[in-house]
Structure formats: structure tokens, C-alpha cells
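Q: Dumping the structure here so I can ask a few things about it.
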Amino acid sequence: MTATEAPPAPPGPPTPPAAGPAEIPLHKVSRRKRLVPYWLLLPGILWLLVFFALPLVYQASTSVQTGSLEAGFEVTWHFQTYWDALQEYYPQFVRSLLYAGTATILCLLLGYPLAYLIAFKAGRWRNLVLVLVIAPFFTSFLIRTLAWKTILSDGGPVVGVLNSLHVLDVTGWLGWTEGDRVLATPMAVVCGLTYNFLPFMILPLYTSLERIDGRLHEAAGDLYARPLTTFRKVTFPLSLPGVVSGTLLTFIPASGDYVNAELLGSTDTKMIGSVIQTQFLRVLDYPTAAALSFILMAVVLLMVTFYIRRAGTEELL
């Protein structure tokens, strides 16, 4: 080192790291995470509030009004409308529940074997069969029902086949047909309900059956269980959630349906949905129509609750 060279400078303090984004406290992060599910639920809650709860409250207030369209309606909290509506339209209530129950049973009897075949036997044809099951959804409900009006017309092939098999003799004895006529009878209405709501039965059944582990069937076979025993002890109990879901998805809309009764039935087969539609849109008796709607909803709700409890599937739904 020469006399003119300066001594090296001593090392300074270490350079601090570059400032990054401010860290969020842990308690705030956990609070935000807890709020995420509620924010995700908000759109659905708003939808139900606007399009279900508020109209329901409005209908409830309408059902306790008195007056007329010309003079105006006034809320009087008078529940006589419910009693009068129930007395006058009691046959339509019973008829609606009978038709809906019959259609639900027919859908179950027709839909379960088909769902079983799709789940276990269809193989590479499974997707094609599923497409055929949901294909009616691509057509208007009204058009499908009008098609049945042509199929069940007098002198058509369906009536001829039923006559040759003497089916109409049995249904006539039961009061479901009139002579050689199927259209404008209870049988026509039930046929329309069964056809239109059959996919609502098949799809939940297929979903339930498809989830069953195939090893359970293999284990039953290893234990020398017969196919019928395997179905009774393994398959059917495990498919009960699909049975319950399918029957509910069929019975509830069928009990309030009015399209099939209007197009395939007559005045003697009118269901409560037709009565409500007439009171709302033709007679313009809004309190009676609202009262009928609430009575139907209460009856169906009680029946569904009783059915679920009897089926013992509260935890499976």
C-alpha cells in the first residue's frame, strides 16, 4: 500500500430486504374464510327470497282477502274462504291425489327396471339409453301431451290393442274408461301424467343404482345368494334414496298438474290444478284460488313428511 492510497472503508450495516406486501393477520384470514360460504349462498338466498318467499307471502295475504275485482279486494283476515273452498272442491282434491299417486306407482314400476338395466346391463349402450330417457325434455310439455291426445284417440291402434286384450273391460269396471273410449277418461289423464313424469323417476333411480359398489353383488354371489335375494337384501335397500327422490319428484308436480287433465280429460276428470287455473285466469276469484293453492301445498307437505318418516330415509336424503 502506497502513502497516497486511502485505507479501505470499514464494512457498513447489511442492506435491509426489499419491502414486500403487508402481511394480513391470521385472525383476519380465518374470518374471511369463514365468510366465503355465506357470500356463495347469498345469490341463491336472494333468488329464493324474490321468487319464492315474497310471492308466497303475497299469496297468503290474498287468501285472507274479501271482495271482488270490480269493488276491490281488502285484507280482512277472514279464513272462511279456506273452508268454503275445501267444501266445494273436495272431490277435485281427492281426484288429484288419486291420479298423482297412481301415476307415481306406475312410474316406479316402469322406471325401476329400466334404471336397473341402464345401471348394470346397458354396457356401452348406457349413454345412448340415457339420452333417450332425457330426450322428451327437448320437446315442449304441451306438445308431448297433445301427442298423447292423438295416440289415445278413438279408433286408434292403442285402443284397438287394449280392446283385443280386454284391458278396457277391466278399466271400465273400475270406472277409469267408458266403453271403448280412452280419451277424456281418468285412464287418459293417468297415462299422460305417467309419460310426462317418468324421466323424473328414472334419473334419480339410475343415480342411486349406479353408485352401488359392484363388489357387494360379487360378495353376495360368493355367499351363494340367488339373484332375487341379492336384489332384495342388497340392491333395493341401497337404492332407497333414489326411490324416495323419484317418487317425490313425480308425485309433487303431478298432484298440481292441470295440463294433462285439461287436454286428455273432461269435466269429470278435472284436477285441482285446473280449478286453481280457472279461478285465477277466468273467474278472477283470487282469494279462492290462493286458498286452494295453500290447501294443496299443506296437504302435499303433510303427505310427503309422513312418507319420508315411514320410509326411514331422512338421513339418506
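For all residues, glycine too, the Cβ spot is worked out from N, Cα and C.
In TrEMBL, annotation is done automatically, which means it is predicted and not curated.
Pulled these features from TrEMBL for this protein:
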{"type": "REGION", "residues": "1-21", "note": "region 'Disordered'"}
{"type": "COMPBIAS", "residues": "7-19", "note": "compositional bias 'Pro residues'"}
{"type": "TRANSMEM", "residues": "38-58", "note": "transmembrane segment"}
{"type": "DOMAIN", "residues": "93-307", "note": "domain 'ABC transmembrane type-1'"}
{"type": "TRANSMEM", "residues": "97-120", "note": "transmembrane segment"}
{"type": "TRANSMEM", "residues": "127-147", "note": "transmembrane segment"}
{"type": "TRANSMEM", "residues": "183-206", "note": "transmembrane segment"}
{"type": "TRANSMEM", "residues": "234-254", "note": "transmembrane segment"}
{"type": "TRANSMEM", "residues": "289-308", "note": "transmembrane segment"}
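Each of these features: where is it, how hidden is it, and who are its neighbours?
A: Distant neighbours of the transmembrane segment (289-308): 59-60, 62-63, 81-82, 85-86, 89, 93, 96-97, 244, 247-248, 251-252, 255-256, 272, 275-276, 279-280, 314, 317; these residues of the same chain sit at least 6 beyond its ends, with a Cβ under 8 Å from one of its Cβ atoms.
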Q: Six or more residues out from either end of the transmembrane segment (127-147), which same-chain residues have a Cβ under 8 Å from its Cβ atoms?
A: 114, 117-118, 192, 195-196, 199, 202-203, 206, 259-260, 263-264
